[in-house]
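Student: Input: one structure, supplied below.
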Amino acid sequence: MADAAMSDEEQNIHHGGKPNTDYYVKGLRIPKYRSAMAQVVMVGLIAFCTVGMSSALGGAGGGGLLNTTQSTNANVAVYSTFAALAFFGGTIYNRVGIKVCLMFGGFGYACLASAYFTTAKIGDRATPWVVMAGCLEGLSAAMLWTAQGAVTMCYPTEDMKGRSFSVFWTIFQMGGVIGSIIPICLNWNSKAGNLNDGSYIAFIVIMLCGCCIPLLLIPSDKVIRTDGSQVVLPPMPTWRSEIKGMYHVLEKNWWIVTLFPFFAASNSDFRLIPNAIETNDFNVPNFTLRTRSFNGLWSNFFNMVGVWAMGTFLDFPFKSKHLGRAMRAKAGIVYLLIATLSIWGGGWVFVKDAKRGVSPEPLIDVTESARYFPYLALYIFYAFYDGCFQAYAYWLMGSLSNNSATLSHYSGWYKSIQSAAAAVVWRLDGVKISYKSMYISTWAILIGSVLTTFYVAFTKVREHSTDEVRVLVGEGTGMEGPGAAGIDDSEVGKGEELVSDKKV
């Protein structure tokens, strides 16, 4: 009865003297909905319906089309616009908020899927719409991925950042897994090179549903972490203050630029090789349609395995003080260096004799185990590696700060530079650079990017980050968040009390 007499706002705060993560709407109780993990799961569902379905469509090769020219052109447009907007993605996110970013963030994916559907019907006459849709997806992706990064890095506590990202990534990749099952089921007996109409329609409907899920998210400052603290938002009332805040982050944390090569190499599109999941010119002419979808299914699955393996290790509460967060950062980057050398070394066996435009007769099919298994094994190794790479990248950024504004900028820069590199590589793919040249160059850049990350991994990761005002939830209604973004630990004590525990 007492609960019934309380307003929704009061019930959202009072819960037996303990922080209450339940959420009340018109008296209806939604258990644990204010928890950080619940909101991470919701963001994962959004990515599941949008990016995951897009990944599955790409996993079929060429957006499900036999002629990959259109999808290559679209990808250049996607990553060019993605890179341009994402650099300022943190500024936009801090001003407009999570719901707007994620709602618009899913729209472009549906547009590009519809453009591929149109191409399947009318051919090259759809080229203007394909390019325009590619630009829309790039703008949308910049908003979605910036918001995603801010949520998965800022919402959880320090000891949950690796697993929080793993939860998000698993849900997101399940979109690719289930999305790959759709064309497998619908096209198993099909001899055509393109997806059928039902596949495209299913993808588009799911993507549009994903655009509506952000309406169910709660405001960031109502989210409660497992330690009882609230997610706090820095007051940035104008666009000018936001841009100045971004500059402040870059100026104070200048060493973040040493991670830019790592950011560039982080996208699977950048690691564009004949056996990578997103590769059009090898995947399409060498495998049957159902096998291309099968490749995507297993690649997405083992990508999730890699994320969980790395994320769990980075969060694991080792009893030995010698295996604290700083040491795990070092161990993670050393593992990536070893994996880059070994897995890519093994992949060279498959690449050294590959030539563009030369297809096997007949095409490789999933039912031919002797021919197909070596390629499947390599897909699995690359997917596992990519999962470890992604998990380490987000965990490393999250270990450098707890400040929402700072992390949103890191997330935006990460996706911007990642996308700029992908745009270049897709263009090189479009002009038919040889597989061997592309493989050797990207392998070398990967090794270089891991080496440049050693500086941050070995010198900047501390056992705890202290650049966020910590607000504990108790009795009261809440408070505004911390000051400007980008102030690191070294500024504590310089005329400003940066960190304090406050109860509200």
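Each Cβ is built from the backbone N, Cα and C atoms, and glycine gets one as well.
Automated prediction, rather than curation, is the source of TrEMBL annotations.
The structure displayed is predicted, hence computed values, not measured ones.
As listed in TrEMBL for this protein:
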- 491-504: compositional bias 'Basic and acidic residues' (COMPBIAS)
- 476-504: region 'Disordered' (REGION)
- 36-56: transmembrane segment (TRANSMEM)
- 76-93: transmembrane segment (TRANSMEM)
- 100-117: transmembrane segment (TRANSMEM)
- 129-155: transmembrane segment (TRANSMEM)
- 167-186: transmembrane segment (TRANSMEM)
- 198-218: transmembrane segment (TRANSMEM)
- 297-313: transmembrane segment (TRANSMEM)
- 333-351: transmembrane segment (TRANSMEM)
- 372-395: transmembrane segment (TRANSMEM)
- 438-458: transmembrane segment (TRANSMEM)
Student: By Cβ distance under 8 Å, which residues at least 6 away from the ends of the transmembrane segment (372-395) in the same chain are close to it?
Tutor: 149, 152-153, 161-162, 165-166, 169, 262-263, 266, 268, 271, 273, 275-277, 287, 291, 295, 298-311, 314-315, 332-333, 335-336, 339-340, 343, 346-347, 350, 364-366, 414
Student: Do the transmembrane segment (36-56) and the transmembrane segment (333-351) come close, with at least three CB pairs under 8 A (pairs 6 or more apart in sequence)?
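Tutor: No, since the transmembrane segment (36-56) and the transmembrane segment (333-351) share fewer than 3 Cβ pairs closer than 8 Å, they do not count as touching.
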Student: Determine which recorded stretch among 76-93, 198-218, 333-351 has the most C-beta pairs below 8 angstroms with the transmembrane segment (100-117).
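Tutor: So the stretch in question is 198-218.
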Student: Under 8 Å between C-beta atoms and at least six residues away from its ends: which parts of the chain pack against the transmembrane segment (129-155)?
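Tutor: That would be 36, 39-40, 43, 46-47, 50-51, 54, 70, 73-86, 89-90, 92-93, 98, 100-102, 104-109, 111-112, 114-116, 118-119, 161, 164-165, 168, 220, 223, 225, 231, 394, 397-398, 402-404, 407-408, 410-412, 414-416, 419.
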